[in-house]
Amino acid sequence: MASFGWKRKVGERVSKQTVQQFEQDSEQADEDEVEREGVDWLHVIKRKREVLLEDCAAKSKRLKEEGALLAEQDRNWEALKKWDEAVQLTPEDAVLYEMKSQVLITLGEVFLAVQSAEMATRLRPIWWEAWQTLGRAQLSLGEVELAVRSFQVALHLHPSERPLWEEDLNWALKLRENQQSLREKASQVDEARRLLVEAPELKGDYDFESDEVIEACSAMADRQKQYEDLKKKAVVVDAHGEAKEMLVEGDDNPTSSSQSVLIKARGL
């Protein structure tokens with residue numbers, strides 16, 4: 001009869017030293033595998049990010065070019081839509097903001113045009129064309145002093161650009177002079193009105209049979225005539241940007257032998 005005994009455990013005959021060596025080798029292999037996997041994952045993530053950025057840049061470039069073609073066809077709103085999509089992909093592209101500003105000026109959205117041009121100058125502060133576009137947007141908004149400064153910055157960055165001298169800056173300086181003329185005109189009218197209402201000749205006590213009354217009445221008549229003459233004249237800007245005084249028929253209708261020389265605004 002065969003004797004009964006406990007079954008030996010697996011590995012019972014393996015020495016403890018062999019087991020410990022095996023466990024150490026196994027742990028080292030696991031650590032090496034984890035390390036290799038970690039490096040691989042970082043590389044994969046970095047590569048995916050690079051590919052994503054490349055895809056965004058390529059798509060943004062395509063949208064930019066499509067928008068430029070639409071703008072050349074006067075399909076300005078469609079062009080803006082393309083560029084807005086491109087901005088979402090490449091928000092630090094100053095050219096997109098500058099192009100948007102040009103189209104917004106054309107559409108009369110001058111406040112948005114100024115904002116877009118300002119963003120372009122912040123992203124690329126040494127790009128003279130961005131400053132030129134900002135100056136034109138500011139002119140359209142009526143900010144003549146700011147426009148003069150923007151054109152001066154553009155000229156400082158690119159002094160050889162003749163259109164900046166001959167068109168943009170000269171026009172802005174003329175507008176500034178015209179604004180000064182308008183302010184002086186308004187000041188003269190206000191002063192004439194004040195002297196008419198607060199005439200010092202009316203504050204004295206006169207003998208109605210004396211010559212002082214006649215002199216006071218004559219002075220009042222002169223003030224009245226001066227005030228009316230000032231009201232009959234308006235300062236307008238001709239096609240060459242020159243400010244001129246012209247007679248007006250009513251309160252708001254200037255008259256001239258050549259109405260065609262008058263302009264309301266310069267197309268920038």
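For all residues, glycine too, the Cβ spot is worked out from N, Cα and C.
Copied over from Swiss-Prot, here are the features:
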type	residues	note
REGION	14-34	region 'Disordered'
COMPBIAS	24-34	compositional bias 'Acidic residues'
REPEAT	60-93	repeat 'TPR 1'
REPEAT	94-127	repeat 'TPR 2'
REPEAT	128-161	repeat 'TPR 3'
REGION	249-268	region 'Disordered'
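Taking DSSP states H, G and I as helix and E and B as strand, the repeat 'TPR 3' (128-161) has 28 helix, 0 strand, 6 coil.
With helix defined as DSSP H, G or I and strand as E or B, the repeat 'TPR 1' (60-93) counts 27 helix, 0 strand, 7 coil. Mapped onto DSSP helix, strand and coil, the repeat 'TPR 2' (94-127) counts 28 helix, 0 strand, 6 coil.
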